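First comes the structure, then the notes that go with it.
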Amino acid sequence: MVQLVGSLRKELSDSLSTCKVLVVGAGGIGCELLKNLVLTGFKNIEVIDLDTIDVSNLNRQFLFQKKHVGKSKAQVAKESALQFCPTANITAYHDSIMNPDYNVEFFRNFMLVMNALDNRAARNHVNRMCLAADIPLIESGTAGYLGQVTVIKKGMTECYECQPKPTQKTFPGCTIRNTPSEPIHCIVWAKYLFNQLFGEEDADQEVSPDTADPEASWNPEDTAARATASEKDGDIKRVSTKEWARSTGYDPVKLFNKLFKDDIMYLLTMDKLWKKRKAPLPLDWQQLENSAYPQEESVGSGLKDQQVLGVWALCQLFQHSVETLRSQLQEKGEGAELVWDKDDPPAMDFVTAAANLRMHIFSMNMKSPFDVKSMAGNIIPAIATTNAVIAGLIVLEGLKILSGELESCRTIFLNKCPNLRKKLLVPCVLDPPSVNCYVCASKPEVTVKLNVHKTTVLSLQDRILKERFGMVAPDVQIEDGKGTILISSEEGETETNNSKFLADFGIRNGSRLQVDDFLQDYTLLVNVLHTEELERDVEFEVVGEAPDKAPPPQTNQEDVNSITNGNKDSAQPSTSSKAPAQDDDVMIVDSDEEEGAASSSAAVTSGTKRKHSDAETGETSTKRPRTAQSSEAAVDNDDDIIALD
């Protein structure tokens with residue numbers, strides 16, 4: 001007779017009490033997961049998260065309360081979870097999982113790693129660390145009503161990076177507010193600004209500098225102090241943006257100087273943010289007005305909305321749109337609110353102007369009104385129930401692994417609507433590793449197309465190896481018969497090379513670079529393909545798997561254009577009057593398996609099933625959906641913008 005302890009076999013129950021698991025992330029999914037683990041019987045848990053608690057987290061991250069704002073998520077989550085099971089042994093780290101202290105040997109301490117992350121860089125890193133340590137990883141993600149859980153095991157399944165992914169559409173809130181690096185960050189910020197000034201205010205859509213940015217300070221006490229220092233002179237106060245704007249009579253010049261001068265100057269005081277980034281340059285209305293050319297020309301040809309406006313033209317567009325929107329508010333009467341709609345010209349003009357001015361401040365190439373409109377879409381809400389369902393599925397997959405039943409693990413999609421077989425949850429068989437994967441293949445190798453006369457060593461290190469290929473501390477050696485060291489991870493050794501071009505070191509078409517990241521225990525061979533025919537503003541392409549060229553999901557155009565951005569750990573509520581109605585009902589379904597039968601609306605983060613839209617990235621997979629629901633909701637989206645839970 002099988003002996004049970006609660007609902008589990010005794011052998012499995014004993015295993016839970018002795019095994020050690022790592023939870024990476026203590027946000028929307030992480031809170032639910034930590035609670036589930038202690039209630040299931042897991043006794044030895046370590047949890048790591050660099051973030052601190054923000055007011056906007058409290059509606060869905062239930063382990064946190066108002067008194068915890070500004071404190072470490074990992075530490076508070078530990079304390080709250082211990083109230084469910086005081087006998088559990090939980091260790092909390094207020095730190096980044098990408099810190100070199102958490103090396104391969106650290107990961108080998110665990111029987112299982114569970115990801116509850118909100119950004120691709122950290123997902124890539126944990127994926128590689130688990131591969132190097134040969135530890136099973138359970139990957140997960142949510143976006144609105146969509147969710148996904150999958151299992152990654154070295155040599156048995158696809159890893160997180162086996163399939164190419166398009167450009168990330170989900171970003172941390174502190175990235176939006178403090179350190180934007182892509183035009184989409186500025187567009188999302190501008191859309192949030194519209195709501196803060198003219199629409200329904202939302203704590204998740206704050207636009208002022210984030211004083212509790214965890215990257216600005218590694219000291220938890222200092223971070224907490226910043227978060228609570230809102231009443232001190234010189235700090236950014238937690239007051240209503242709309243109330244302040246009303247007090248100025250929605251004066252466009254005062255709004256301009258606050259948003260694009262004063263707030264930027266405050267960001268510059270957070271000097272740790274700019275040690276490895278180019279610092280922003282504040283704009284002053286009076287100076288721009290005095291130096292503006294009367295006939296400042298737009299950049300580009302063709303239709304007017306496809307031309308990029310100059311800085312002073314954007315200032316005038318900002319002024320005109322603010323005045324128009326102010327008049328609309330006055331016509332509606334006291335307490336009225338406007339709803340952002342991409343088809344409303346004044347609203348679109350405001351977002352175009354504000355976003356482009358912020359791009360200019362942060363040294364990005366500005367975008368035409370047409371480009372801005374195509375990128376600014378509906379924002380998907382963060383749903384606490386989705387996080388709960390996904391966290392439960394993570395534990396169920398974990399129990400299979402600890403029972404020695406890895407072959408029965410599945411990728412599980414949580415759909416927005418039941419498919420034709422009345423299923424909301426759809427399991428799919430795990431795919432084997434991709435032979436062409438540049439991470440988990442036996443000899444990882446890629447070909448990169450670039451211009452060796454224009455690409456600097458620093459660009460190779462930061463833009464290609466770190467940003468594109470997710471390395472933390474790469475060492476690069478040229479295979480030239482001499483063993484020339486191009487980049488060293490040891491500080492100061494090769495810094496003099498940074499400003500030089502690749503061609504200066506004899507790198508040409510056909511050159512090979514051996515790249516090692518000792519922290520990740522990862523080696524990659526890079527083949528250089530020289531070209532002078534890259535598209536404008538494109539620095540390089542990865543041959544055969546450039547993420548921006550991944551096939552789009554088969555959806556209607558409005559869904560394809562939608563962008564999910566969340567703050568801290570989730571997608572944000574839509575502010576468009578044309579946003580589709582959402583249904584809160586969750587249907588319990590049977591568990592018979594459908595290989596590849598998940599509706600294409602079941603998109604989410606790991607991206608291992610190529611025809612399912614990835615909730616973090618919008619990518620799709622080769623599995624062919626068996627339903628006609630593909631137009632339902634395959635969205636390019638989020639969680640902390642913003643970021644996926």
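Glycine is no exception: its Cβ is also placed from the backbone N, Cα and C atoms.
Cys174 (active site, glycyl thioester intermediate): 25 other CB atoms within 10 A of its CB, across all protein chains. Annotation source TrEMBL lists active site, glycyl thioester intermediate at Cys174.
For Cys159, Cys162, Cys437, Cys440, the entry in TrEMBL reads Zn(2+) binding site.
The compositional bias 'Polar residues' feature in TrEMBL is assigned to 555-579.
Summarising the annotation, TrEMBL assigns compositional bias 'Acidic residues' to 582-596 (among others).
Residues or ranges marked as compositional bias 'Low complexity' in TrEMBL: 597-607.
Annotation comment: TrEMBL describes 635-645 (among others) as compositional bias 'Acidic residues'.
Taken from TrEMBL, the feature domain 'THIF-type NAD/FAD binding fold' applies to 9-408.
It is 32 Å from the Cα atom of Cys440 (Zn(2+) binding site) to that of Cys174 (active site, glycyl thioester intermediate). Calculated from their C-alpha atoms, the gap between Cys162 (Zn(2+) binding site) and Cys174 (active site, glycyl thioester intermediate) amounts to 29 Å. Reported as a whole number, the C-alpha separation between Cys159 (Zn(2+) binding site) and Cys174 (active site, glycyl thioester intermediate) equals 28 Å.
Reported as a whole number, the C-alpha separation between Cys174 (active site, glycyl thioester intermediate) and Cys437 (Zn(2+) binding site) equals 31 Å.
Using a 10 Å radius centred on the Cβ of Cys440 (Zn(2+) binding site) and all shown protein chains, the other Cβ atoms total 22.
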